[in-house]
Amino acid sequence: MMSDESKNVSSLLLSPLYKPTNALHSPPDERASSVIQIRGMAVKLLIALLALASLHAVLASDPSPLQDFCVADDNPKGAYLYSPTSKCLHFQHTCICLLYLLAVFVNGAICKNMNDVTANDFYTSGLDKPGNTVNDVGSNVTAINVNKIPGLNTLGISLVRIDYAPNGLNPPHTHPRATEILVVLEGELYVGFVTSNIGQTNRLFTKNLKKGDVFVFPQGLIHFQLNTGKCNTIALAGLSSQNPGVITIAKAVFGSTPPISDDVLAKAFQVDKHLVDWLQAQQWTDNNN
């Protein structure tokens with residue numbers, strides 16, 4: 001009598017769909033084809049794994065926290081390491097050895113000892129006070145980032161209050177590390193952003209906003225806000241980074257230190273070098289605080 005297991009094996013062997021898997025019994029061409037197929041599958045699997053591994057980096061601007069919080073330590077003792085080398089000086093009958101300290105630089109900030117963290121590390125005040133708009137552009141940006149609230153470190157978020165005098169402008173600028181979402185609290189604004197060079201065209205998106213309206217500026221794109229009303233305007237904006245950074249286009253191009261060559265700027269803007277020299281001689285306003 002054959003066992004059930006033997007019957008199953010016999011049925012499989014007699015099946016017209018069964019093909020021997022022993023590569024030694026396959027013709028050379030068939031074995032070569034199998035090797036190529038296996039290699040192809042391995043390459044596809046490797047590509048898929050690399051794509052999954054890089055997915056987090058693609059989706060996130062700031063790194064995700066790996067603990068409840070990492071309060072930024074303004075003066076961390078742990079930010080310095082003793083150098084393995086030292087220098088000894090012989091002075092009279094005394095030998096004095098000097099140890100070197102090496103600074104440790106990180107992307108973000110060193111974590112404060114959790115035992116030393118207090119509620120004040122997650123707190124600031126003063127956002128109710130209007131910013132000083134008495135400047136050439138008629139606006140003021142008050143930033144609440146990791147420099148103001150150390151508890152924002154690794155949390156990937158920050159906040160700004162923007163005040164605009166009548167006809168005040170937050171000039172064209174970009175945040176290299178953050179998307180911005182803006183809400184108008186009082187007054188009205190004309191806002192817009194420009195896309196990258198898609199098909200040799202930089203497309204402009206604009207909108208007129210009133211109290212309670214919300215607008216989004218995608219990460220890294222040049223954008224602006226202009227107060228088109230007769231009264232002061234106030235806006236709040238959230239940014240998707242603890243330290244979004246800001247590059248004001250006119251100030252960066254014509255007010256950089258050291259200055260960009262006027263040959264470069266004259267050719268880039270297709271204007272006379274004398275005009276470039278005049279622009280570089282101006283005092284470019286920084287409305288960010």
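Placement of Cβ uses the backbone N, Cα and C atoms for every residue, glycine included.
TrEMBL labels come from automatic prediction, so no person has curated them.
HIS175 (oxalate binding site) falls within neither a helix nor a strand when secondary structure is assigned with DSSP, and so counts as coil. There are 25 other CB atoms within 10 A of the CB of HIS175 (oxalate binding site), with all protein chains counted. The oxalate binding site annotation in TrEMBL covers ASN170, HIS175, GLU180.
In sequence order, ILE222, HIS223, PHE224, VAL246, ILE247, THR248, ILE249 are the residues of the chain that are 6 or more apart from HIS173 (Mn(2+) binding site) and have a CB within less than 8 Å of its CB. Among the features that TrEMBL reports, Mn(2+) binding site is placed at HIS173, HIS175, GLU180, HIS223.
Taken from TrEMBL, the feature disulfide bond applies to CYS70-CYS111. A strand conformation is recorded for CYS111 (disulfide bond) in the three-state DSSP classification. Taking a C-beta cut-off of under 8 Å and a sequence gap of six or more, CYS111 (disulfide bond) has these contacts in its own chain: CYS70, VAL71, ALA72, ASP73, ASN153.
According to TrEMBL, the feature domain 'Cupin type-1' maps to 125-277.
Taken from TrEMBL, the feature transmembrane segment applies to 41-59 (among others).
Taken from TrEMBL, the feature transmembrane segment applies to 91-110 (among others).
The oxalate site is set by ASN170, HIS175, GLU180; from the centre of their CB atoms, other residues of the chain with a CB within 8 Å are VAL160, HIS173, THR174, ALA178, LEU182, PHE217, HIS223, ALA237, LEU239, PRO244, VAL246. On the 0 to 100 pLDDT scale, the model's mean across the domain 'Cupin type-1' (125-277) is 97. A Cβ within 8 Å of the Cβ centre of HIS173, HIS175, GLU180, HIS223, the residues given for Mn(2+), is found for these other residues of the same chain: THR174, ALA178, PHE193, PHE217, LEU221, ILE222, PRO244, VAL246. Over all protein chains present, the Cβ of GLU180 (oxalate binding site) has 22 other Cβ atoms lying within 10 Å.
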